[in-house]
Each structure stands twice: as C-alpha cells, then as structure tokens.
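Undergrad: Submitted below is the structure of interest, expressed as structure tokens.
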Amino acid sequence: MTEVNGVCYRSDNTISSASTDGKARAWNLGAKAQDPLKLEGHTNSVQAVAISGDGSTVISGSQDKSVRVWDAQTGEQKALLEGHTGMVFSVDISKDGKLAVSAGYSDKTVIIWSLEGEAKELKKVDFGKYVFAVTFAPNDESLFAGGVDGLLKQYSVNNGEPIKEFKGHTDYLTSLKTTSNGNHLVSASGDNKIIVWNVKSGEKVLTLEGHTDRVFGVDLTPDNSKIISASDNKTAKLWDFKTGELLHTFEGHSSSVNSVAIHPSGNFIATGSDDKTWKLWSLHPPYSLLYTSHDSHTNGINSVAFSRDGNSLISGSYDYTVNITYLIPHLNLLPSSVHDSTFKRDCNLEEESSNSYDWNNTTTMALLKRNPNFLHEPRFDNNSLQTLAHLAAQNSKSAFLAAALTIPSEDTEDDSEKGIMGWQSRQKIAFLSTILRNPKNETLLALAVKAESGPVVKVLLDLYNLLLSQTYALPFTSKNSSQEQHPSSLFPLDEFIPALSKFPQLAIAFLSQLSLNTSGDHLVQKGVARHELGPTSRLIVGSTSRVPQNFWKGTLKQPDKDGKVPQDSGVPVTAKFVPLKNIAARNSTFLATVVNAAAETRDYSVFENEVLATIVQHKWEKYVRRKFINLMLLNICMVLFMTCDVLLESTLSQAEGFFLKIPTATLCLYFIKIEGLELYSANSLHLHFSNFWNFVDFISLGSIVVAYILRFSGVDDWATVCFALALPLSYLNTLYYMQGFEGSGQLVRMILGIIRGIGSFMLILVVCMIGFAFGFYILYEAGPGEYASAGGSGSGEGDVVDGPYGMDTPWMAMFSGFLLLLGDFNVEEFNASVNFGTTLLLFVVFMFFINIVMLNLLIAIMGDIFDNIQENANSEFLFARAEIIIEIENMLSPKELENEEWFPIWLQVLVPTQSDEDNGSSDAWQGKMRALRKTMADVQAGLGSEISELKSKLQESDAKREIADAKRAKAEMKRDEAQTKRDDAEAKRDKAVKELNEKSDRIEKMLSTDVKTKLGSETSDLKTKLVESDAERRLAEAKRDEAMTELSNQIKLSNAKSDRMEEMLSQLLGQKMEEEQNDTKEEGGEA
C-alpha cells in the first residue's frame, strides 16, 4: 500500500491527497446520502458484474444468456450484447476499458466484445467445456478462462488462440484474479482450494487449503501481499500471498459467501452472500465488521465489485438487478492514512500538529459536518482499533466532543443544498458514536471515567439526556442482534454507575432531568382511557419488553357494547415506561449508587425525579414493604421482651425470667446477623457506620449482648449499666422503622436534619458553657465553701449551710453549668464563693450570653432548618426509603433474587393524565415550589457575585476616572502654559516689527536732514559745481536705495524668522495638545 504524504481540504467540499505512488486524488465529501442506483433489465439472475477503470461503464452477465452494458452515472442501458446460447457466469473489462470478455456456461464459449462506439462482438473462443470464470491479464494482451474438470487456459486476445494450460485443480474453476504485474494468477475452485500460478512457467507456486466447502470468489490486495477468498461455508478467509499463512476468517454471513472484492485503498473488503446482504469489513486487525446492507437486494447476491476510485460498490443479485451503491454516506471508506494526515496536518500552514490529532482545527470540524461518520470510523492508535470519538474521550477532548456530538437543530436547509445530510441523520450518527464500544468493550463514557475527565462526562450525559428523549431507533449491530434498537435499550447502564460514583454531582444532575417516556400503549387500545386509580397514584408493573403491545389491556376498563368507556369511576391515564433497561433488574447496583451519591453530596432532591420515585415505589410495593414490616414487628417484640425482662426481673421466677430471655437473645442474634450482612455488603466500615441508624443499631445490640453476658457472669451492677444504655437506644432505634412510612417518615427525617443542622451551634454552645463552668468552679473552690442562709431558725440569724452542690470538681462544675442553663440556681449560694460581686457579674453575663443570645439564635437556626427540611421532606423521605430498600435487598435469598416480577428488565407505569397535565396534587406543587426556590436561590447567589464584581469594577473605574481627570487637568495646564508662551512670542514679534519700523523712519529722517544741511551751507558751491552736486546726489540716492533695500531685507528676514517661530510654536503646541488628548482618551478607554 502507498503512503499518503499530505492532504488539503478545499472549498468545493473535497479533499485532495498526494501519495508516494506519484498520483494525486480528489475525494468527494459533499455527496448526499441516497438509495442505491438500480440497473434493471435482466430477466434472470445476475451472475457477474464488472466496472471500467474510469468508472463510467458497468457490464453484467446473467442467466438470461445476455451481457448488458450500463452507464454507471445514470443507470441507463447502453447496449445489449447477445451472442451466448447459455447462461453467462463471468465477465471482465480490460484495463483500458475498450474490451469486455464473458464466459458462457452451457455454450462452452468465451466471447470478446468491443466497447468502443457501438458495442459489438469481436471474437468467440471455443473453450470446449462448461466455462465459469474469465479475466483479462494486466496488459490486456491475453485472458484466462476456467471451467469444469479443473480446466484452466490462457488465450491470446488478438487471435483467440490458446497460449498455455494450467493443470492442478480437480473440480470446476469459479474465480480468477491476476497480480498487478501479471506474473501470477490466483484461481479458486469447487475442490475447496486456491492455487497461485506462475504465469510464465505455468507451474503451481502455492496451494491454499483451509475452506471446508467450495471456494466461489477470490481477490488480491493492491500491493499483492494478501489474498481474500469467499466460500460456500459462509466464511471469507484472508491469506498471506508469500507464505500461504491463514491470517483471519471473516464470519458473519448466514448463508454462502458467493463473491469478494478488495477496496482500492487496501483497507476494506466487501463480501456478497445468499443471505441477501453485502458486508464491509476492515482489512486491519481485529478485522471488524464495519457495515451491513439490509435492503440493497431482495434475493441472494452473486457478485460484488468496487469502482476504481473506491467510492461505489456494484452488486449483482438473483433478484435480476444490478445495484450501484455510493459508499460515503453509509461508511467513510477513505484510506486511514488519508484520515491520519488530515487530522495530523494543518492544511493551511502545512505544518505538523503538536498533537496526535488536530482536534480543534477548522478542517477537522468541516469534515465532520459534511461526513459525521468520521466519528466512528475505525482508526489505529497504539496498535488498538479505536474510533475518532473514542480517542477524543480517551484524551479528554471535551470541546471537540461537544462540537462534534451536539448537532444544532437550527441547521438550515442551505446545508442540504451544500451536500450536508439533515439534522436527524447527523444526530443519529452522533448518538451512535456514544454507544459504540471499542475492542475492550468500552464506550465513550467508560473511557471518560477512566481518564477522570469531568467535562467529557458532562458532555456525554447531556447528550444521553437528549438521546433518551428521542422516539426513533438507531442502527446497531451486536453479537445477538443487527436490528435497529431504541436508545433506551442501548444506554450503557453498566458504565453509568461508575460515572455516578466518580462524578456524583454530574450524574445527579443527569438523573434529575430524566423523565418517563410515553409508551404509546394507549394508541393500540382503541377506546381504553380510564383505570381505577386515585388522582395522585400510579400503577407500576414489570415487563420483559420495552413497549409491549396491549400490555395494560387486561387491567384497564373496557368499552361497553356501544363502544363507550364507563365514566363513573377512575381517572384518565397515560401509559409510560422507565427509559433505562435493567435499572431495576437483579444485581443492579443503580439505586445503591444513587443513594451513596446523594448522601455524599447531601442533595436528596434527585429522589423527587419521577424515574427514581417510580423505582423506589416499585421495589417498596413488590417486596420491601412486607419484609420491612416483618422486621419492624420482630424488633418491637425484642424490645418488649427485653423491657419486661429488665423491669420485672425481681418479681419473676427463674423459669419466667428464662422464658423472657430466650426470645430476646434469639431476636438479638437474628438482628446481629442482619447487621453483619449489611456490613459485608458495604465493604467499608466507614461507609457502613456513617449511617446514623447503623451506628445506633450496633451500639444497642452490643449493649444487649454485653448486658446478658455480664448478668450470666454475676456482675449485676455493670449489667444494669448496659441495660440502662440498651433500653433507650433500642427504643430510639424504633424510629428507624417509623421512617419507612410516609406519615412518620418525614418527621423522623426532620428530627435527624435538625440534629445535623445544629451541630456547629452546639459545639459553640458547649465550649462557652465549659468556659463559664470553670470560671464558677475556681470562684467556689477558693471560697469558704459555706454560707449563712437567710431566714434561719431560732435567733433569727441565717443557718450556716454548705456551698452549692456540684462545684467540688471541674467535671461537676460543667454539670452545674448545664443546670444554670435550665434556670436551676440560688443567688444566696454565691456567698460561698471567694467574691460575691464577681460571681454575680459572671452569672449575669452567663445568663445574657447563653440563655438570651445563644438560645434565641438556636431558635432562629432551628426555624430556618425546619423550613429547609419541610421543603425537601418528600425527597428525604424517599431517600430514607431507598436506604431501607438496599438493606432489605442485601437480606434476600438467591431464590428470591430470581423472581422476575420483583426484578424486571423494564418498568411500565400507568400515570393519571390529570396529574401530568395540570399537576393538581399538592406534592407536585410542592416540588415545583422547591425547584423554584432553589432556582431563585441560585439566581440570587449568582446575582450577588455579579453585583460584587460590578462594584469592584466600578470602584476600579472610579479610581481610573480620577487618575484620568488629574491627567486631563495637568494637560489643560500645560496647554494654558503653551498658549501663554505663544502669546508672549507673538508680543515679542510685534515689538520687534515696531522697533524695526521706527528705526527705518529714523534712518529716513536722518538721511533727509543731512542732505538739507549740506545743500543750505553749500548753496553757492552747488550752483557753481552743479555737475558735482548732481553726481553726489545720485550717489547719495543710490546709497539710500541700497540702505532701504538692506533694511527691507532685514525686515523680511525678521518677519520670516517670526513666522517660523510662530509655526514652530504652533506645531509644538499642537503636538502637546494631541499627546494630552491621546492620554486622556486612553485613560477614558481604560475607565
């Protein structure tokens, strides 16, 4: 087999693969599930089928003496080839798809047909004897034909002349197959043998013997390493091609296996049988059965063949038809190496995943959506055959399982247009994945419990709740049955019980959501609608079937002659059943495990669930109540006999006393035996004595035994002490029997609940009382020990009396403290202490703290406990009754355990319809109110935590807002400073411009004054030197112009500098303001 190096999922719903065989393949994942394509036209049994290499053409040979050519895509008949005068038993197509060959049985001929253009006969070869099998050589230049008497020949395709004859078989040939290189030929025969031939020499290479009947079919794996054969003995066998070793025998068909074919991937095989089915098997250990077709044909199957791409299976049958079945919707047949690469490699990044499987990759989820069969396709992990779902549970991949197993019902119709199967089909496959078992007989739940993965267990239990509420059946094949079964029949109760022990809270949440399923029995009974039931009662009967028809017909009121149901008595009823198989059966530990889980979590509300209430009621009414009452009467007799014996001992004669002692001792030994059985079944001292009643029973029985031993030994004083303990404990133990009855049982559970609820308070109270008692003790111990009482006799002075009783020792002081609590005190006794005032102060503090504060607190606590117990009184009562049931079941004899009426497979329940619809009973309303209060408490607790979290977030937000405000104020300050600097710069610029203008005016004025002075003083000279003055004037004007130009340049330069300074200041100010705004925004965003 070739190795796949990589695959990639594409947007057109296909995956592409590349392998070491130099080929790339595209696999269609989006095809819809559909019925087989039926090719109809033959008028007799179809004996052989073959398909061309390109998958476009199918040919079939039939006992109607014809060969027909079909279009594999549309199912239309392309050609009818008539040339044989006898039945056609074998056909084959050449590798290039241009030629076909057929074997005529009674006409003793082999015909070569042309499939190009209009199909026609090319050549007819006379075989000379009845011919059963033909096949082309891989090079299409020769063919092989086999017939009766073990005759096997090789012929030239070109001229039809014989090339070679192979001798070795002693009976007729049934099937032929060549190796891919054409070097060897494998033949099957009616002599029960398979022979491997060397084609070149014609010699036998290997003879395979192991079938006990005729061998009808043979095929080779693509790598020529293994041979598969089909036989009349209802089996197929796998052989090693080189050694001839038998590797495996496939068993499962109920009739002859007529044909066998190996999938092009080399991972699967198909077998066709006279039992009207074809089966798909894995070619890898442990060679599991993967799929069985039940409705493909209406008669036996003679021939099977795979298409070259492996996506289709062609089958020919005695029912005159040829079927083409698209395999992907039934079972994913992509090579395992392709799947492994898909899940190991991230196709987008083309990098190896760090895990064994890329569980949460989008490619993986896309593949699962289009083909949910991926979940339970066989794959190999540590040399063990597992499914993808099993591997996910084993590796605690709860997120993957939650996404893969829970199919949203709101999937739109667009999915079907994309080639994705509907919600119900996909959900069925998901359900089936949770029920399938691996080779170690473990489901997903068992693997999750073994991995101690609570999240996976929760996902599976949520799915089981959904599963048990469905009305459809699942296709499930087991050793005993291959028919569809209802999910309730497949629920793994044996694995749920360990989950209940390991994860009690999750399991109790699962059980709390269970409900009785409607059986539909009323639909079968026409007109039957009423029964003699009270409005809140129910009738429970065991059955061997899940929903037996007309089950209640004998117990319900029947219609009268007019077809009317009597309406004078009874109430409308609905037939239901408990949706868990064997939940009340023999040796079922379900109820005991639920009791232990409820005791561990202190959550008894699960017993208000109608399923558990039904189980408890069934067991109680069938056999527990009678036995429990008998035990109660025996216990009462033992207590009464012992009471009479102890109280009347001094007045009775020895014979009369012996008459009382014998039944007391006998009954005591009987109850000791029961206690021993309970201890043995518990397998744990801690578990057994954690039950209050077991502890009381043990102490009372022990005290009775010890008391009688001491009495017979003559130690009467200590015997009396033991009897003093035994009597109150024995009478207290009668409360255990009272809790089995609804009226008194709830009160007993209330008493126990109150005792358990005030445990912490009593500890605090005892500690405080001990402290005060020791304080009083040291005050009296240091005092005079006596005092003068008021109103003494005689002289009028008080009598001198001893100090208060009970202050002699610290232990008696604690008892005196208890008397103070009850109000037994005398203030005059304080005079016997070392200091009257201190004693009085200590007494006042004691009375305030203990008698006022603590006792009022006790009243408030007991009120809350009472309300809580009152709300759950019914569930705790049912819990107590369930404990009684478990103890009674431990006492049952093996014969009683065989009683099918006591321990049925299924429980059928008749429930008043009125209580279902309007829940009119007070119990139902109490249950709803309890659930409502619990929900409100949960919501309140959740809101409290959310409010606290919001408060903390608001405080953080306020702090951040204050910081942001401070930063904003700082930024505004910086902005004001920058604005001030800008204003100063503008003022400086204006001042500089003004100074420049004034300087320019002064220069202009100065130049003008100098010229006038010179002209006035030298008027005469100017007149005489006109030319010189004109020249000088021109020179002065030029200098002036030059000075003005220089001044103008200086002004422009000053203005440019001022503008640049202003621009720089503006940019700086803008940057600062932008930075401050960004800081403010960031702080505001954080706030």
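A Cβ is built for glycine as well, from the same backbone N, Cα and C atoms used for every other residue.
Quick paste from TrEMBL:
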- 39-80: repeat 'WD' (REPEAT)
- 81-116: repeat 'WD' (REPEAT)
- 166-207: repeat 'WD' (REPEAT)
- 208-249: repeat 'WD' (REPEAT)
- 250-283: repeat 'WD' (REPEAT)
- 294-324: repeat 'WD' (REPEAT)
- 630-873: domain 'Ion transport' (DOMAIN)
- 692-712: transmembrane segment (TRANSMEM)
- 758-780: transmembrane segment (TRANSMEM)
- 809-827: transmembrane segment (TRANSMEM)
- 839-862: transmembrane segment (TRANSMEM)
- 954-999: region 'Disordered' (REGION)
- 1044-1078: coiled coil (COILED)
Undergrad: What parts of the chain pack near the repeat 'WD' (208-249), using Cβ distances under 8 Å and only residues at least 6 beyond its ends?
TA: 1, 171, 174-177, 179-181, 184, 186-196, 255-262, 264-266, 269, 271-273, 281, 283, 285, 287
Undergrad: Grab the same-chain neighbours of the transmembrane segment (839-862) for me: Cβ-Cβ under 8 Å, and only residues 6 or more beyond its ends, written as numbers and ranges.
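TA: For the transmembrane segment (839-862), the far contacts come to 754, 757-758, 761, 764-765, 768-769, 772, 775-776, 779-780, 817, 820-821, 823, 825, 827, 830, 833.
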Undergrad: Per DSSP, how many helix, strand and coil residues does the repeat 'WD' (39-80) have?
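TA: Result for the repeat 'WD' (39-80), in helix, strand, coil order: 0 helix, 24 strand, 18 coil.
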Undergrad: In the predicted model, what is the mean pLDDT computed over the domain 'Ion transport' (630-873)?
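TA: In the predicted model, the domain 'Ion transport' (630-873) has a mean pLDDT of 79.
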